[in-house]
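Below you'll find the structure, written out as C-alpha cells, and then a few comments.
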C-alpha cells in the first residue's frame, strides 16, 4: 500500500490497539486492544494493511470529525513500542495525541476507563510504549479484564482465552471501548471521561 498520508490541515491522532500477533493469541485477554482496533477499522470503512516503514498494521481515515491513524503493532507485546514510536515520528504525532487501547488487570471485567499518563501496572506493552516515546504522558483506553483468582500467575492469565461466559460479553465490551475511543478523539479527555465513567 502507499504510505498513509495526512492532508494539510488535518489534526493527526494515532490510536494503537495493543496485542500479540498470530492466531494463537487472537482470543486472549491480552488482545482485547487488537479487537477494538479491528472494530475501529470497520467504522473507518477500510482494512488493515502493512505499513512498510514502521512494520505495523495500519488503517487511516476520519472518525468523530478528526483524522486518525489506527495501528496494531506486528511485533510482540513487550516490543510494541518500537513500531508506535516509529509511527509517531513519521507522522509528527505528539504523545498527548496518541491513544493506547489496552487490557487492564486492575479494572473489573468489562469496565472502561480513560486516563492520561500514569504507571504501567505491570503491562509490558505500556512499558514498551513509554520507553519508545520517552514519556508516560499518552492517553489510554483501559479495558478491564479483572484479576485471576487464587494463585494463578497474572502473566499466564492474560495469555489465556476469555472464558465462555466472558466471550459472550466481549463484543459489547469492545463496542463500548470503541465508542469511548471515538469520544476521546472527538471531545477530549475530561468531557469523554464524564460520559464514559458514567456508563
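Note that Cβ sites are derived from N, Cα and C of the backbone, with glycine treated the same way.
Within 10 Å of the C-beta of residue 30 (active site, proton acceptor) we count 22 further C-beta atoms, all protein chains included. Sequence annotations record features per position, and here Swiss-Prot assigns active site, proton acceptor to 30 based on sequence analysis.
Neighbour list (residue 78 (tRNA binding site), Cβ cut-off 8 Å, at least 6 residues apart, same chain): 124, 125, 127, 128. The tRNA binding site annotation in Swiss-Prot covers 25, 76, 78, 124.
Under 8 Å, Cβ to Cβ, and six or more positions away along its own chain, residue 20 (site 'Discriminates between blocked and unblocked aminoacyl-tRNA') finds 28, 30, 31, 76, 77, 159. Residues or ranges marked as site 'Discriminates between blocked and unblocked aminoacyl-tRNA' by Swiss-Prot on the basis of sequence analysis: 20.
The site 'Stabilizes the basic form of H active site to accept a proton' feature in Swiss-Prot is assigned to 103; the stated evidence is sequence analysis. The Cβ of residue 103 (site 'Stabilizes the basic form of H active site to accept a proton') lies under 8 Å from the Cβ of 18, 29, 30, 31, 32, 33, 123, 143, 145, 158, each on the same chain and at least six residues away in sequence.
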Exercise. Taking the Cβ of residue 25 (tRNA binding site) as the reference point, list residues of the same chain whose Cβ is under 8 angstroms away and which are at least six residues distant in sequence.
Key: 19, 31, 159
Quiz prompt | Most distant Cα pair in Å, residues 25, 76, 78, 124 binding tRNA | solution = 16
Practice problem: Would you identify the secondary structure of residue 30 (active site, proton acceptor) according to DSSP, in three states? | Solution: helix
Quiz prompt | Local Cβ density at residue 124 (tRNA binding site) - other Cβ atoms counted within 10 Å | solution = 18
